[in-house]
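Engineer: Quick one: this structure, given as C-alpha cells, is what I'll be asking you about.
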Amino acid sequence: MVLLLPWLFIILWLENAQAQLEDEGNFYSENVSRILDNLLEGYDNRLRPGFGGAVTEVKTDIYVTSFGPVSDVEMEYTMDVFFRQTWTDERLKFKGPAEILSLNNLMVSKIWTPDTFFRNGKKSIAHNMTTPNKLFRLMQNGTILYTMRLTINADCPMRLVNFPMDGHACPLKFGSYAYPKTEIIYTWKKGPLYSVEVPEESSSLLQYDLIGQTVSSETIKSNTGEYVIMTVYFHLQRKMGYFMIQIYTPCIMTVILSQVSFWINKESVPARTVFGITTVLTMTTLSISARHSLPKVSYATAMDWFIAVCFAFVFSALIEFAAVNYFTNLQSQKAERQAQTAATPPVAKSKASESLQAEIVVHSDSKYHLKKRISSLTLPIVPSSEASKALSRTPILKSTPVSPPLLLPATGGTSKIDQYSRILFPVAFAGFNLVYWIVYLSKDTMEVSSTVE
C-alpha cells in the first residue's frame, strides 16, 4: 500500500492539470467570443474606416500560384493567385489573450471590406471548394489581413509586328470600384520589388518565358472622380522553337528545293514544271497554316514578311523556267529560219537530163534494127554482147550531185539564264536570311510598359 500512494498522487495531479487546461481553453474561447461580440456591437459595415476623416489606405500584395496559359488569338491570359489586402479599422481594436485572431470567412460578411475589382479582367473566379478559400486575420491594433484565392482571366493587348520574335507586357489592373482617391488609396505592401511573387514552378507556359514582372500605380480621371489604379506587368518573351520547326525550316527547304530546278536540263519540261508548281503550292499551304495561331490583324508580322519573300523566291523560280522555255523556243525558231535562208537553191535540170535520149542501134544477123530510148537516169540492161559493145562506145552521162540534208544548230544544253540563276538565287536568299535574322534577333522586341509610380 505504501508503494501505491505515490502513483495515486501522480494520477490525481495529472487529472487536476487536465481539468485546469480545459477550463483555460473554455475561458479563452469564451473570452474571444465575448471580444468579437463586443467589436461587432454597434459596428456598421456600410461605412469605411475613418469615414468623413482620413483616407483609408489598403496595402496589397500578390502571390501567383499558377501563370498561364496565354492565348494569342484571344489576346488574354489566365493565372491563379492569392490576392492579399491589408488595412486598419480603428473600430476593431481589442485587448485580449491573443495578439492575432484567425477567423473564418463568416466574419468577412460582418465587417467593411474594400470594393476591389480588376479593371482589365474578363472573368474572375473566387474558389469555394470545399469551403470559400478566404483567410481573415484580426490584430489587436485593428489591422486586418484579408486573403482570397482567385483565378483571373485578364486582357493582354498584343502588337504582333515582331511575331514570333516578340515580347509582351501583360497587365493586371485593379482598384476601387466606387471610392475615389480622396477616400481610398492603394499601395504596395512590400514595395514595388517584392509585392508580387511568381515562383519558377508556378509558370506553366508552352510558348512563352516569363522573364519578370514590374509594378506601377497611376491615377485615372472619370466623370465620378479620380481613382488610384494599381498595375502589375508580367513580361513574356515568346519561344522560337515551335515556329522554327513548323514554319521557318519548311519555308527554307522549299525555297532550296525550288532552286534545284536550275540544275535540270531545260528540255525536261515536265520535271521542271512539277518542281515549280509543287513548291508554289507548298508555300501557299505553309502561309495559311502559319496564320491559324494568330488573330486576324490588319498588319504584317515578321513571319509574314519571311513567308512572303520565300514565296517570291519560289514563284520567281517558276517564272525563270517559263523564261528559259520561251527563249529556248525562240532561239530554235530563229535558227531554223536562218538555216532555211542559208540553204542552196534547187539546181535546174539541164537540157541533157530532160531531153537527152540515147539511141542505141543493135545489129543482128537477122538484119533488123532495134531502137530504144533511155533517159539519163536509167541504164538499160542489154543481153546482147553487141549491144554491150555499142553501149561501151556511147558516152557516159554524169548525174547531178545531191547536196546533203541541212543540219540545224543544237538547242540543248544549259541556258545562260539557268547559269546565272544558279548563282544569283542562292546568294540573294542567303543575303536575305542574314539581314532578316540579324535585324530581328538583335532588336529589342519587348513591349515597353508604362511605369508611373
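FYI, residue positions are counted from 1 along the chain as it appears here.
Placed from the backbone N, Cα and C atoms, the Cβ positions cover glycine too.
Fair warning: this is a prediction, and the values are worked out from it, not measured in the lab.
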Engineer: Could you let me know which of S195, S355, S375 shows up in Swiss-Prot as phosphoserine?
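Structural biologist: Annotation hit in Swiss-Prot: S375.
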Engineer: Kindly tell me whether the record in Swiss-Prot places E267 on the same side of the membrane as F327.
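Structural biologist: Both on the same face of the membrane, per the record.
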Engineer: Could you identify, going by Swiss-Prot, the member of C170, C251 that forms a disulphide bond with C156?
Structural biologist: C170
Engineer: For the transmembrane segment (423-443) and the transmembrane segment (244-264), does the number of C-beta pairs under 8 Å, pairs 6 or more apart in sequence, reach 3 or more?
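Structural biologist: In contact, yes.
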Engineer: Need the DSSP three-state call for N31 (N-linked glycosylation site) to compare against my parser.
Structural biologist: helix
Engineer: Could you say which of the disulfide-bonded residues C156, C170 has its Cβ with the most other Cβ atoms inside 10 Å?
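Structural biologist: Sorting the candidates by Cβ neighbours within 10 Å, the top entry is C170.
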Engineer: If you count other CB atoms within 10 A of each CB, which of N31, N128, T147 wins among these recorded positions?
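Structural biologist: Of the recorded positions N31, N128, T147, the highest Cβ count within 10 Å belongs to T147.
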Engineer: What does the structure give for the C-alpha distance between N31 (N-linked glycosylation site) and C170 (disulfide bond)? Integer Å is fine.
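Structural biologist: The separation of the Cα atoms works out to 48 Å.
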Engineer: Determine the Cβ neighbour count for R84 (4-aminobutanoate binding site): the number of other Cβ atoms within 10 Å of its Cβ.
Structural biologist: 17
